[in-house]
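*Asks:* Can you keep this structure in mind? I'll have questions shortly.
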């Protein structure tokens with residue numbers, strides 16, 4: 001098995017015409033595609049979902065799929081297959097999504113509706129214990145006293161996968177920028193597993209398949225530890241990861257040293273992408289073969305960034321991990 005997968009240069013068909021949105025490769029990598037909903041599509045979508053406040057989407061989970069169908073219908077039913085094809089394609093698996101005209105914090109509810117529609121065209125977003133909803137909104141400020149690196153602005157949040165400390169499978173992660181004030185820096189950091197120079201070394205190490213304990217801090221509202229290996233394989237035998245440096249709890253010297261070396265090898269990778277995400281845009285990535293993090297911010301007394309996340313599972317046939325369910 002070859003752990004590395006070449007990028008397909010023709011992954012995006014430049015001659016393809018889509019209804020309601022455009023699709024182009026990003027400036028950072030052909031693996032990351034930029035999808036932009038047209039002004040007309042955005043306007044029509046927001047008009048058609050205006051009758052449902054965000055609270056309705058929280059209380060009635062089937063409405064999340066309803067708004068997804070509305071968006072897909074406005075795109076001539078080309079959106080859903082395109083999203084699934086991209087996210088399941090090992091050579092891509094990541095989208096930066098934008099809706100023309102949705103770019104102000106005053107439109108925060110509209111942003112949640114749009115992101116919810118997109119997410120529920122590919123699967124379903126899991127319950128987020130930190131917020132008590134299917135999504136979480138949180139703020140990064142200049143001073144932080146929380147119990148994880150999620151809100152700490154003046155340091156790099158290291159690359160990781162989401163869903164490492166919960167039992168639910170986390171196939172996708174959606175990260176949306178709702179507001180930003182007095183900000184410099186803080187780009188999203190992404191690393192595709194197949195662009196990581198040290199993948200083969202760590203994937204083939206005996207420690208790679210050893211179940212390890214993952215435990216979350218109190219702010220996550222998750223009290224039960226979970227056990228799983230850092231690496232697994234998909235149905236085609238390709239490496240996937242469930243890893244975060246903050247929450248893995250090595251049981252002994254051997255595990256601790258290996259995890260420390262693994263973390264260093266990830267952070268020095270030349271394959272890391274630095275991606276600016278303006279207000280109103282969101283990243284949607286395959287969580288099994290993309291790692292994500294955040295660069296540091298320049299200090300400012302009035303620094304503020306508000307983010308929204310959703311993470312969940314793909315709703316299609318058989319998938320997930322091959323060996324460790």
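Start at 1 and count along the chain as shown; that gives each residue its number.
Just so it is clear, glycine is given a Cβ too, placed from its N, Cα and C backbone atoms.
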*Asks:* For the Fe cation site that Swiss-Prot assigns to 160, 162, which of 292, 300 is also named?
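*Replies:* When Swiss-Prot describes the Fe cation site, the candidate it includes is 292.
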*Asks:* Ten-angstrom check, please: count other Cβ atoms within 10 Å of the Cβ of residue 160 (Fe cation binding site), all chains counted.
*Replies:* 22
*Asks:* Apart from 160, 162, 292, which residues in this chain have a Cβ no more than 8 Å from the mean position of the Cβ atoms of those residues at the Fe cation site?
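*Replies:* In sequence order, the nearby non-listed residues are 159, 161, 173, 244, 287, 291, 293.
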*Asks:* Non-local Cβ contacts of residue 292 (Fe cation binding site) (under 8 Å, 6 or more apart, same chain)?
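*Replies:* Expected: 159, 160, 161, 162, 173, 175, 188, 189, 190, 191, 283, 285.
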*Asks:* Indicate whether residue 292 (Fe cation binding site) is helix, strand or coil by DSSP.
*Replies:* strand
